[in-house]
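Trainee: The structure that follows is given in the form of structure tokens.
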Amino acid sequence: MSLKIQTSNVTNKNDPKSINSRVFIGNLNTAVVKKSDVETIFSKYGRVAGCSVHKGYAFVQYANERHARAAVLGENGRVLAGQTLDINMAGEPKPNRPKGLKRAATAIYSGYSFDYDYYQDYFCARLFDYRGRLSPVPVPRAVPVKRPRVTVPLVRRVKTTIPVKLFARSTAVTTGSAKIKLKSSELQTIKTELTQIKSNIDALLGRLEQIAEEQKANPDGKKKGDSSSGGGGGSSGGGGSSNVGGGSSGGSGSCSSSSRLPAPQEDTASEAGTPQGEVQTRDDGDEEGLLTHSEEELEHSQDTDAEDGALQ
């Protein structure tokens, strides 16, 4: 069986070796954490020569300075019993340590046997007594800010500027109404032009339909004319034969008459045919020109309508 050696409660030796190997444990919840718990936590870093637990803090005395510094590095900032421990070397005061703890540590080093509980109670009593004697800091009153009053000349200036703004608005309204009237008149003229163009297009389409119907009917009429001219030549030939049976003079006369009669018909047909073709080609060219002109007018009217819509 291994017996656990109890450590001493002496942690206030003034020799330099003891001071440099002593560890201060601050912000310790002494209501929950006991001396045995502190010894078990810090004994893993080296041999603990002494341990003393007080209200809110404790001291651990190591036999070697190296063990003390290892404990500070390993346990500083550890959360124990819901509180973060503030651990550092007792011989090296920390700047951010509370004033009460610093004075307690210096008081420890001043004497060999010192009652820590008495010192802590005395220090707290003096601290609260000093705070009670301090006068409260007076709170400065808020200085009321005075708002500048509106002067009369400013009001007059505002009144003088109002008619200018109204005049500018009225001029803008009149110019806008004039532009609207101009746009409406332009739209009316464009509408009338469009109606005229549509009527012209309708007339041209009707004319084209009539020409197409006439062209369809013309080939049949030409064939009928050719057949009638052929029948007339045969009849004239029969007459010539009869005249030949009657006499030579009659036969010669009939031959000459038959040979002379078709020539004027061919001339008349050719004369009649050529002007009709020329007239048809001219009519077709005129109609195509009118169609192209009407299409251009339609495109121009559409462009103007689009521009008017964008302006509106």
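Think of each number as a place in line: the chain as shown, counted from 1.
Glycine too: its Cβ is placed from the backbone N, Cα and C atoms.
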Trainee: Swiss-Prot annotation phosphothreonine: which of T7, T195, T292 has it?
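Mentor: Per Swiss-Prot, the residue annotated as phosphothreonine is T292.
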Trainee: Which one of T160, T174, T268 gets the tag phosphothreonine in Swiss-Prot?
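Mentor: Per Swiss-Prot, the residue annotated as phosphothreonine is T268.
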Trainee: If H, G and I count as helix, E and B as strand, and all else as coil, what does DSSP give for K44 (N6-acetyllysine)?
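Mentor: Where K44 (N6-acetyllysine) sits, the three-state DSSP reduction gives helix.
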Trainee: Please give me the CB contact count at 10 A for K44 (N6-acetyllysine), counting all chains in the structure.
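Mentor: A 10 Å sphere around the Cβ of K44 (N6-acetyllysine) contains 12 other Cβ atoms.
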